[in-house]
C-alpha cells in the first residue's frame, strides 16, 4: 500500500499550491484527480473565459471613440478565436501534470473516496496518508425542470465551436451576464430569464442598473420575475417556457443557476464528516471534524467568496498549518470581487449598502471617467464609489469601468495595508496612466 505524508483529493488551485509547498518542505505528496489535472479554473473556467473575452474588450474600448474608430467594421471571428483558445488552454493540464511529477508529486488518476481518517480508495487501490486535503470544487447546478438534460453549462459554452444565432441564459448571475456580454457582441440574439427582479445581487445597485441598461441598449432581452418551467426541443432549436406563460424560441439554452459543492461519493457520510448543501464544514484552521482531514476552496461551506484567489490563499494556509509554520487560525484579508462583463464591475471591503446603515463611514462618489477623459480612454461612464472610515482610510470601493479589475487590485493593496492619503503622497506613480489619475482623485477624496 502506498503511503504519503499528505494526499489531496482534487488538483485545482485549492490543492496544488499547498502540494508544491509541502513537497519543497520535504513531505511526500500525492494528488488524486478523476477529471482533468489543474481543475475547473485552469481548464474550463477563469482562464478560458478571460482569453475568449479579450477581443470583445477591444471592441468595447473601440466603442468609446465614435467617428474616430469605425467600430462597426470590427468583428470577432469566433471560430478562429476558439481555435486560439484551445491552442492556449488545452496543453495547460499536461504541462502542470508534468511540473507536479518533476517536483516529485505523485499524480494518481481516478476517483478518490475516503475510507477512514488516513485512507483514500482510488477505484480499488488504497492510498494512506497522515493528512488528507479535500479540494473537490463545485459543479454546475441543473434546474429540476422538464427538459433539464437539454440545457448546457458554462463548461459547454467555453468550448462552443460556433456561436449560436440565438442563446437563452437561465439565471442573471455572474456567469450569465459575463457570457451575455460576449454573445451580444457576436451578433447573437440574447435572452436572460431570471426568477427575481434583481439581477447580479451582491454588486453595487447603481452600477448593476447601468450595466443592465447598457446591455439592453445593445439588444440583450431581460425577462425578470420569471421561473422557467420547461425546455422542449423543436427540431434543431429549443422552446423555453416559464410558469407565467412566457415562451422563448432559441438555438441554445444555458442553465446558469449556480454551482454546487462536490460532496457526493467521496466518503463524507461514511466517515461522519459534517457538510451541508453549501459545502464541507470546517473550523478556523480549515479542518473538518476529523482534524487530520482538511478542506479547501469552493467545496467549503463558507461566507468568504468562492474565488480562485481565495482557494489559493486557503491552499497556502493549509500547507503552513500542516508544516507547523502557522498554528494560528486563518485570517482572510479584504477580498476583491470582479464581474468580467463589458464594462466590468468590481468591489472590495465594506459595501456602500452596509456603509449607508452606519454613521461610522463616509461615502464618496468619484466619476473619474468624466474627470480624466484623456487619461481614461474616453470612457466617460467610468466611476467609483468609495467608503472611508473615521480615520479617512479606504475600507471599501465599488467600481464601474472597463479597467475595474486592475483598479480594484490597486485598491486592494491600499485597503489591506490601511494606507492614508499622506502615505499615498509619499509614492510616485507613472504618468500619464489610468491608474495614476484615479489615484490622484482618490487621494483628494481621502483628505
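Each Cβ is built from the backbone N, Cα and C atoms, and glycine gets one as well.
So that you can see what the record holds, here are the features copied from TrEMBL:
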DOMAIN    4-312  domain 'FAD/NAD(P)-binding'
DISULFID  41-46  disulfide bond
BINDING   171, 172, 173, 174, 175, 176, 177, 178, 258  NAD(+) binding site
DOMAIN    335-435  domain 'Pyridine nucleotide-disulphide oxidoreductase dimerisation'
So if I draw a 10 Å sphere around the Cβ of residue 173 (NAD(+) binding site), how many other Cβ atoms end up inside it?
19
Do you know the mean pLDDT across the domain 'FAD/NAD(P)-binding' (4-312)?
97
Return the member of 171, 173, 175, 177, 258 nearest to residue 46 (disulfide bond) in space, with distance defined Cα to Cα and candidates limited to these binding-site residues.
175
Taking the Cβ of each of the recorded positions and counting other Cβ atoms inside 10 Å, which one has the highest number: 41, 46, 175, 177?
177
When the Cα of residue 41 (disulfide bond) is compared with the Cα of each of the binding-site residues 171, 173, 177, 258, which one is closest?
258
For residue 41 (disulfide bond), just give me the three-state DSSP call.
helix
Extra residues within 8 Å (Cβ to Cβ centroid of 171, 172, 173, 174, 175, 176, 177, 178, 258), NAD(+):
169, 179, 200, 256
Least buried by Cβ count (within 10 Å) of the binding-site residues 171, 258:
258
Under a three-state reading of DSSP, tell me whether residue 175 (NAD(+) binding site) is helix, strand or coil.
helix
